[in-house]
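Participant: Shown below is the structure under consideration.
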Amino acid sequence: MSSINGNVITLDDFLQDHGEFGRYQAFVWFFNSIFFSLTAMQLMGWVFVGAELPHRCLLPNETLNASYHSISIQDIESIQCFIGNDSCSDSGFAYDESIVGDSVVKEWDLVCDESEKKSRVSAIVMVGYLIGSILFGSLPDKFGRKKILLIGVSLMFVSGCFTAFCQGYYSFLVSRALVGITLPVVETTLMVMGIELVGPSKRTLAGIGQWFFESFGLLLTALIAFLVNSNWRILQIIYTAPLCLIGVYYWTTPESPRWLLSKGRCEEATSIMEKVIKSNGHNIEYKVLLEKMKSISKSNENASASYNYWDLFKFPSLRIKIFVLSILWTTISAIYYVILLDQQELSENIYIGFLITAVVQIPGYVILIQMIQHPRLGRKMSLIIMLILSGSCLCIHPFLYFESDLPWIRIVVSTMGRFGANCYYSILVLFTSEIYPTVMRNTGISLNYFISRFGCILAPYVLLLGKYSSIIFGALSILSGFLTILLPETNGMQLPDTVEESENIKINFSTFGKKKLNDK
């Protein structure tokens, strides 16, 4: 029996012997993954809630309900923001409601001189993300995954409802900041809980499988927006309402037994594992099972200590891993901002562009499941391939504007770039979760999330360089691919529970093949 501590049994050993992904584990994983869909709707719903409608100035003799198309196309193009030398912000605007019927942009006229206010909404969500990562990122490691997830989703529900009922721009801005604060703790906790009850050989399926739910959430986001496009407030309520399922989730799903054992709460962990082994067709007397759980907990003798962000930097191997992971996370945040949130190149129709972005993710997940558990590829080489793919597409893309007769080439390259970036992100989430030990898994991921937001903040300034700015992002992606070589391969390895176990997983320059944890 392989073990992370020599002859001492670990929870992964126990799961390998008594069922790695049985019915009860699948139920917990499925219910957990549903919130990936709901979180995606809450975040990406802004694409439609804040959609920019084609607009023009109202003419002096027109009323506020004048039709956008009541004048010629040539005249529309000449009076989008000005009539002569006069700004039309005071007289008002007529909007084209043929595709999107309503949005906050239309309600508060966030166009022309006021268009910066729309950008401010996206920025304030990132600011909230920064605050939430630092304030709440380590709480699941201290107080438990389940309890903090309940608080995070509940606050997201309240913030989402607040968004729907805001009567002014600045109260709307506050509501989006509150949503941003809840996002990192909810997302990281969902990711961690999705893999901690699953055995080593099924962790790829569980980790990547969660992202199918995110894609489903994105598809649902576009479908709901298409069906309810006449009132952005109703749309926001529909996006938010399903979050109330957290009440059912809290009473039907367990705390992470891995976290419970790290805190010495063996009786609670035993009750959960009893359900796991029974659903897998095994039967162990409660007292025997309790002794096994106590043995696992005792082997993690330093695991009950509480760690903060500064503790992450006290360990030499972990410091290097944090440095590399932070660059990888910052890179993907910038790339997401540049290509995954821009739908216009794929289609002028906002719904079609969004659907293409969501659909292209699905075959990527199918391919990834095969790639990252392949013994010659694993997490690391798969990540390097996707970094180079997305980076190459970004570097090539600006030069394709000269090929005006072949616009489809730009679309193919853009789609491949999106495919690579999405696969890169999905691998990185699983890879990061496997590198950090249980006692500081949420803390480590939250720190990377915090640092990654600077990629989103800096990306708009790089975009000011024009269409060639994508070369900078592409080069950064390729450079990140080379840095990935420093990280250890985690394919098939047991999840480290303590800092000592994590430190024993040394950084190395091996790229191909996997290295067994017990062979270190």
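Here the Cβ of each residue, glycine as well, is placed from N, Cα and C on the backbone.
Bear in mind that TrEMBL entries carry predicted annotations, made automatically and left uncurated.
Summarising the annotation, TrEMBL assigns transmembrane segment to 26-49, 121-139, 148-170, 176-199, 211-228, 322-339, 351-369, 381-402, 408-431, 443-462, 468-487. The annotation domain 'Major facilitator superfamily (MFS) profile' is assigned in TrEMBL to 58-492.
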Participant: Between the transmembrane segment (148-170) and the transmembrane segment (443-462), are there three or more C-beta pairs closer than 8 Å, counting only pairs 6 or more apart along the chain?
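Facilitator: Contact absent: fewer than 3 Cβ pairs fall under 8 Å.
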Participant: Are the transmembrane segment (381-402) and the transmembrane segment (468-487) close enough that 3 or more Cβ pairs fall under 8 Å, when only pairs 6 or more apart in sequence count?
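Facilitator: Contact criterion met.
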Participant: In terms of Cβ proximity under 8 Å, which residues at least six beyond the ends of the transmembrane segment (381-402) contact it?
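Facilitator: For the transmembrane segment (381-402), the nonlocal Cβ contacts are 328, 331, 335, 338-339, 368, 371-372, 374, 409-410, 413-414, 416-417, 419-421, 423-424, 427-428, 431, 467-468, 470-471, 473-478, 480-481, 484-485, 511-512.
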Participant: Please work out which recorded stretch in 176-199, 351-369, 408-431, 443-462 has the most C-beta pairs separated by under 8 angstroms from the transmembrane segment (121-139)?
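Facilitator: The stretch I would name here is 176-199.
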Participant: Restricting to the same chain and to residues at least six past its boundaries, which positions have a Cβ under 8 Å from a Cβ of the transmembrane segment (351-369)?
Facilitator: 47-48, 99, 204-205, 208-209, 211-212, 214-215, 218-219, 221-222, 225-226, 340, 343-345, 382, 415, 418-419, 422-423, 426-427
